[in-house]
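In what follows, a single structure is set out as structure tokens and then discussed.
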Ligand code: DGL
């Protein structure tokens, strides 16, 4: 699709969809590249966490919820800022929406191409690790590397906690780090793919508490470049002044701490969709 009707009275905007604060890691990259773009955060927090839900319940939910949030926001582009959702529902979203849909693909290709040891770790939700989509990606772009799959649902919870002001300790990360480094072949891992958008939010801590230095790669910058490509394609110039932001949720957090988690983007008050 190349033609998108855009209301001239509204500045160009993208909606970043996720189950929670993972949208922030994607938004930071988009802001860096496209500071004038208005960002809508579409957070399906009443269905969080996505990673442990079945494909049967998650697929229709994502299509329905992302669709409702796109309609409510009037955004020009949908960014599925969630690997669990992207590896499951991109074709369906593209079928029902009349706007461009940008998805997050686990960064297996660049990681496998850059690994000197020929061993990478793929850290993700259980859903993403077990998807056919991910298996096909490894088969196609694994470059002959050994790929150690590391399901890490606790990192999702820890990222949510960190963005709500909690401190993440070495002890919190110990079990995940053991599943990367102290497993068969783990001594050879030189690159880890952060294949859940929540995980780049913990990069500093993962790096600090890992038993040795490795590279942690994610897809955020590539997503931002893709959004920029779509803006050009749609002939939507971003304004010179800093873009606004707005937070849409599917459930109002009881203590409203979710607003605090997104504070760096100074979003306008909560709307529930
Ligand atoms: N941020 C999401 C991802 O990239 C998933 C978090 C969740 O389990 O809800 O996969």
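Glycine is no exception: its Cβ is also placed from the backbone N, Cα and C atoms.
Copied over from TrEMBL, here are the features:
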BINDING   18, 19, 50, 51, 83, 84, 197, 198  substrate binding site
ACT_SITE  82  active site, proton donor/acceptor
ACT_SITE  196  active site, proton donor/acceptor
Can you give the largest Cα to Cα distance in Å, as a whole number, for the residues 18, 19, 50, 51, 83, 84, 197, 198 that bind substrate in the record?
-> 12
Distance [Cα-Cα, Å, rounded] between residue 198 (substrate binding site) and residue 82 (active site, proton donor/acceptor) | 8
Reduced DSSP assignment, residue 18 (substrate binding site) = strand
Spatial neighbours of residue 82 (active site, proton donor/acceptor) that are distant in sequence (at least 6 apart) but have CB under 8 A = 17, 18, 19, 22, 23, 50, 104, 196, 197
Please classify the secondary structure at residue 82 (active site, proton donor/acceptor) using three-state DSSP.
-> coil
Additional residues around substrate, ordered along the sequence, whose Cβ is within 8 Å of the centroid of 18, 19, 50, 51, 83, 84, 197, 198 | 20, 22, 49, 82, 85, 125, 128, 156, 196
Would you count the other CB atoms within 10 A of the CB of residue 19 (substrate binding site), including those on all shown protein chains?
-> 29
Report, as a single number, how many Cβ atoms besides its own are within 10 Å of the Cβ of residue 18 (substrate binding site).
-> 30
Where residue 50 (substrate binding site) falls in three-state DSSP terms | coil
